[in-house]
Amino acid sequence: MAHTGSTVCAFLIFAVLKNVFCQTPTSSSEVEDVIPEANTVSDNIIRQQRNNTAKGIHSDPSAFPFRVCSASNIGDIFRFQTSHSCPNTKDKEHNEGILLIFKENIVPYVFKVRKYRKIVTTSTIYNGIYADAVTNQHVFSKSVPIYETRRMDTIYQCYNSLDVTVGGNLLVYTDNDGSNMTVDLQPVDGLSNSVRRYHSQPEIHAEPGWLLGGYRRRTTVNCEVTETDARAVPPFRYFITNIGDTIEMSPFWSKAWNETEFSGEPDRTLTVAKDYRVVDYKFRGTQPQGHTRIFVDKEEYTLSWAQQFRNISYCRWAHWKSFDNAIKTEHGKSLHFVANDITASFYTPNTQTREVLGKHVCLNNTIESELKSRLAKVNDTHSPNGTAQYYLTNGGLLLVWQPLVQQKLLDAKGLLDAVKKQQNTTTTTTTTRSRRQRRSVSSGIDDVYTAESTILLTQIQFAYDTLRAQINNVLEELSRAWCREQHRASLMWNELSKINPTSVMSSIYGRPVSAKRIGDVISVSHCVVVDQDSVSLHRSMRVPGRDKTHECYSRPPVTFKFINDSHLYKGQLGVNNEILLTTTAVEICHENTEHYFQGGNNMYFYKNYRHVKTMPVGDVATLDTFMVLNLTLVENIDFQVIELYSREEKRMSTAFDIETMFREYNYYTQRVTGLRRDLTDLATNRNQFVDAFGSLMDDLGVVGKTVLNAVSSVATLFSSIVSGIINFIKNPFGGMLLFGLIAAVVITVILLNRKAKRFAQNPVQMIYPDIKTITSQREELQVDPISKHELDRIMLAMHDYHASKQPESKQDEEQGSTTSGPADWLNKAKNVLRRRAGYKPLKRTDSFESTGVP
């Protein structure tokens, strides 16, 4: 991120510089008043400086190229860590040895898989007058049985037919509507080298029938074999192919009786093939060595891969770093491992991990070869002290520790063991002798030798213990001094950055950078390198102008060009070949002044603010303040990047989870496939129904086409009506109108219901609304109600009258139905004609009214 931000800063600075200085090109007189001598940094020095920067060698600041720097607030932000905690190793036991560090392998397990399937394409072709057309096309794929995959993997051949059972009926699809035969597989060109495909039919069979205006169904069967890579990550519960297929099982599943690997696929779809052979296409027909292969039938395709075992094929740990000068310190219940080559320490529990080599056989060769190479480097001074030890850190690292002992200590211990052995031998021999032999002359010599051996033993033991304690003390002091020195250096850099942040950061980076303190942090940005051949210093350092005769530049003015720019720009030469962007660094002119300015490989001498001569930089003596310490130089310390965010946090930070998306997509695709299979078993598959109906209509010829067109027209009409209603409802105004009508209907129903309730409660008031007025004015109008007997007579008369009218109405309806016929239709037609002429039918009257006319 730092390099990216600095690059962006450099481009922004370059753009700002072009906008600022494009309007101030130098005049011709200023161009002529430049120093003609060579004054630029040579290409060889620039190239050497860049190579040194790439190798981590800090170059002389005077060899930096001419450049324009600007401390921008948008640069990379840094701060110095001023608080460190050094380990307290006092009175601790220190051991030196070889440290091997293994990190957890996050690279997925990659293996080869093969995908087999047969793709069936059924097309309905219309033979038109002017052109043919594909009116319908259905594509589906099916898996391939193992007996046929053997032919595909060995001789690259397959059968061009497919048998499918639908609703208890066997359907046979044959390529080009021909007969079943063996066809060859041919390679297919692809974009990726990791995916290779072979197929048998590259073209779709779409030839129309011989009947003009007729429909014909064509079938294409294509055998396809895809060889690609699959990836799996721990805990190996699924793997994904490069073409997007997901298998919910471990790639190390083997169907063993004590199987521990996960398998989420149905057992009926899994097959283990023994002595299976896969041949490369170039060597088809040969007989390679057989192997065990796993097959899974996904209904739409078959997938296979070679059986592998986890502890052999996949290694959980990957070698990261090795150190032959590490220190192990015991701190109570934990162990601290420190190496001078990296700025980090590792701590683990003081218990070893026993099951590492048993579960991960792949580590044996790596550990053995790495230990052998590291021991060869320290073989002259150290020797192994015991066997290798294995520890696991809390961060998930595996540490392999091989204790070492110095050769001097080993020689001293060998001498001590030899003396002890000789002393024990002498003691044993003395006890077996008789008392008479103990009084012999030689017994005095043996006693003296035994005493001398005891003294020698104590001296050797003291020397051994003292040397061991001193070595431990030296290792302890080195460990603490190294930590304190790093802390002091960090504090020193922090304080120096307050004085000149650009020099400090350039020294740390080893290349020219621009730095500026913005509060408590430092903003660092790249410098823009100008065209080295265009940099020229002016002869005079006096400020031009009549009113500025007493002013002179404190730094010599310089003209330069940017790379890929033809305009000349003016500035002032700064320190270490830096070009200042302004010409405001002026001072009052003094008499008899001398100035020396370094630019590139030359030193420019100015007398009275006028250039006098140019001399090489080497002619000026240097003040050597470097004190050489005649010791072996400390090895370089490379700062390692500390992982701020864990792998899980990085995975969760993205908005797209590609693995989950693919798994869910394939999962629901398989669910739809299962649903389609169920529908096929129930003989209600829509595609099969449409295909069967289309075949029936084709067999009927013209009649079938007429029926098909009529059915299509009716279906289209109803579809248009339904679609129109749905679209009308979807429209905002239509939806509001519909809701308004529904509300009106609901209100009408409520009002009618209330009216019916009122009629049932008080029918007389509903029929005669003036009954209340009559009741209130009964005394004034002197109206007396009839008796209940008279009321019953009136109600009975009304009932009888209504009962007598019902048979007559039924007879009129029956007579009307009997008279309805051709004559009735004729009378109706005549009535229509009469109405057009202006005639109207007469109104009927009751019989008693007609008879009453005189």
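Heads up, the Cβ atoms here are built off N, Cα and C, so glycines get one too.
According to Swiss-Prot, the signal peptide annotation covers 1-22, on the basis of sequence analysis. Taken from Swiss-Prot, the feature topological domain 'Virion surface' applies to 23-732, supported by sequence analysis. According to Swiss-Prot, the N-linked glycosylation site annotation covers N51, N180, N258, N311, N364, N379, N385, N424, N564, N630. The disulfide bond annotation in Swiss-Prot covers C69-C527, C86-C483, C158-C223, C315-C362, C552-C589, and the record cites sequence analysis as its basis. According to Swiss-Prot, the region 'Involved in fusion and/or binding to host membrane' annotation covers 125-131, 209-217, on the basis of sequence analysis. Feature annotation from Swiss-Prot assigns region 'Disordered' to 422-443, 802-829. Annotation source Swiss-Prot lists transmembrane segment at 733-753, citing sequence analysis. The annotation topological domain 'Intravirion' is assigned in Swiss-Prot to 754-854 on the grounds of sequence analysis. Per Swiss-Prot, the feature compositional bias 'Basic and acidic residues' maps to 802-813. According to Swiss-Prot, the motif 'Internalization motif' annotation covers 839-842.
Of all the recorded positions listed here (N258, N364, N385, C527, C552), N385 has the Cα closest to the Cα of C483 (disulfide bond). When the Cα of N311 (N-linked glycosylation site) is compared against those of the recorded positions N180, N364, N385, C552, the shortest separation belongs to N364.
Residues belonging to the topological domain 'Intravirion' (754-854) score a mean pLDDT of 69 in the model. In the structure shown, across all protein chains, N311 is the one of the glycosylation sites N258, N311, N364, N379, N564 with the greatest number of other Cβ atoms within 10 Å.
C69 (disulfide bond) is 28 Å away from C589 (disulfide bond) when you measure Cα to Cα. Nearest in space to C158 (disulfide bond), taking C-alpha to C-alpha distance over the recorded positions C69, N258, N385, N424, is N258.
According to DSSP, C589 (disulfide bond) is assigned to coil rather than to any helix or strand. Summary for the disulfide-bonded residues C69, C223, C315, C483, C589: the Cβ-based neighbour count within 10 Å is maximal at C223. According to DSSP, the secondary structure content of the region 'Involved in fusion and/or binding to host membrane' (209-217) in residues is 0 helix, 3 strand, 6 coil. Within 10 Å of the C-beta atom of C158 (disulfide bond) sit 25 other C-beta atoms, taking all shown protein chains into account. In terms of DSSP secondary structure, the region 'Involved in fusion and/or binding to host membrane' (125-131) contains 0 helix, 2 strand, 5 coil. Here the glycosylation sites are N180, N385, N424, and the one whose Cβ sees the fewest other Cβ atoms within 10 Å is N424. Under DSSP, C158 (disulfide bond) is assigned to a strand (E or B) in the three-state scheme. Closest to C527 (disulfide bond) by Cα-Cα distance, out of the recorded positions C223, C315, N364, is C315.
Its own atom aside, the Cβ of C552 (disulfide bond) has 20 Cβ atoms within 10 angstroms in the protein chains shown.
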